[in-house]
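Take a look at the structure set out below.
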Amino acid sequence: MKVLGIETSCDDTGIAIYDVSKGLLINELHSQKKIHANYGGIIPELASREHTRKIIFLLDKIFKEKNIMKEIDLIAYTAGPGLAGSLLVGATFACSLGFSLNIPVLPVNHMEAHLLSPMLEYKSMQFPFIALLVSGKHTQIIAAYELGKYEILGNSLDDAAGEAFDKVSKMLGLKYPSGRELSSLAAQGIKNYFYFPRPMIHHSSLNFSFSGLKTFTSKVISNNTLNIQQKANIARAFEDAVIDVLLIKTKKALYKKGWKRLVIAGGVSANTVLRKRSKDMMENVFHGKVFYSSLKFCTDNGAMIAYLGSLRYKEASVSQLEIIVKPKWSIDKLSYI
């Protein structure tokens with residue numbers, strides 16, 4: 001079975017084809033980052049228009065180069081969470097294409113796709129596991145019991161980790177999108193030159209809050225002369241604080257469940273320091289294993305949508321006639337469509 005995956009939840013247009021026998025066949029991605037960089041952030045209306053402009057181009061390219069259109073058995077598309085306008089572009093296109101080809105169409109959850117994306121490369125990855133989902137809009141600790149059965153153990157009460165990274169980067173004068181730039185700058189910083197607070201690490205819950213850390217960082221920036229080294233020192237202190245919080249909370253979740261498998265997914269999972277420290281923690285403290293995707297699968301992509309579609313096909317009701325978008329669709333409330 002071959003599954004066409006369509007991803008348009010935010011500002012990346014992703015198209016991929018996954019074969020259950022052969023694995024990932026095609027993975028095309030169009031990024032809008034250069035467009036939104038001019039505005040310092042994502043403009044939803046522009047994102048929707050660019051999806052509309054690029055989605056046909058990408059699919060036409062795939063079908064002409066690979067001559068594979070008649071071999072598609074299922075179309076999976078991101079139904080949520082995400083920007084309503086962007087989701088609607090992908091959903092409408094998927095349903096229209098499914099109707100024209102007379103094949104089933106399946107709406108899938110974007111965060112579940114991120115959660116399971118390491119399975120594209122790690123066939124040994126099994127349930128149950130603890131997952132740390134970290135992106136621009138989500139910071140969650142999830143207990144994954146089995147396919148479709150997830151419990152949110154901890155959630156961001158305000159800014160997500162990725163959002164905090166972007167806002168602090170902007171304070172330091174880095175260009176959008178700036179998460180990677182901040183990490184590169186932090187690598188040049190002097191460890192413990194500044195000490196930033198670790199919010200909520202002593203709280204009984206596994207929830208996160210990064211708005212206070214963001215405000216603290218803003219005050220440090222205002223009170224210091226910002227030469228390049230001082231910027232690096234601030235970036236280092238901020239990154240260390242965020243990663244400390246993420247791993248302290250994750251460690252508590254692992255102890256709580258008694259599990260030895262950890263998945264880190266979402267855009268922030270590309271962070272080099274987070275990867276290294278989580279690997280060290282799992283090997284040395286839990287004698288377990290951490291799974292994270294290759295960098296190309298950390299950010300939004302069609303491959304994870306196609307793969308999830310292949311897993312979900314047998315369990316979900318498939319209908320290409322109903323266009324479904326759920327901008328606030330939580331991973332613990334799938335009640336699968």
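In case you wondered, yes, glycine gets a Cβ from its N, Cα and C as well.
Sequence annotations record features per position, and here Swiss-Prot assigns Fe cation binding site to HIS110, HIS114, ASP300 based on sequence analysis. Counting every protein chain shown, 26 other Cβ atoms lie within 10 Å of the Cβ of ASP300 (Fe cation binding site). Under the DSSP three-state reduction, ASP300 (Fe cation binding site) is assigned to coil, being neither helix nor strand.
According to DSSP, GLY179 (substrate binding site) is assigned to a helical segment. Annotation for GLY179 (substrate binding site): same-chain Cβ neighbours under 8 Å, separated by at least 6 residues, are GLY162, PHE165, ASP166, SER169, GLY267, VAL268, ASN271. Here Swiss-Prot flags LEU133, VAL134, SER135, GLY136, LYS137, ASP166, GLY179, ASN271 as substrate binding site.
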For HIS110 (Fe cation binding site): intrachain residues, at least 6 apart, with Cβ closer than 8 Å: GLU7, SER9, THR78, ALA79, GLY80, PRO81, GLY82, ASP300, ILE305, TRP329
Distance, LEU133 (substrate binding site) to HIS114 (Fe cation binding site) (CA atoms, angstrom): 8
Other C-beta atoms that fall within 10 angstroms of the C-beta of LYS137 (substrate binding site): 18
Of SER135, ASN271 (the binding-site residues), the residue whose Cβ has the fewest other Cβ atoms within 10 Å: SER135
Nonlocal residues around VAL134 (substrate binding site), in sequence order (Cβ under 8 Å, 6 or more apart): ALA160, ALA161, GLY162, LEU246, ILE264, ALA265, GLY266, GLY267, VAL268, SER269, LEU274
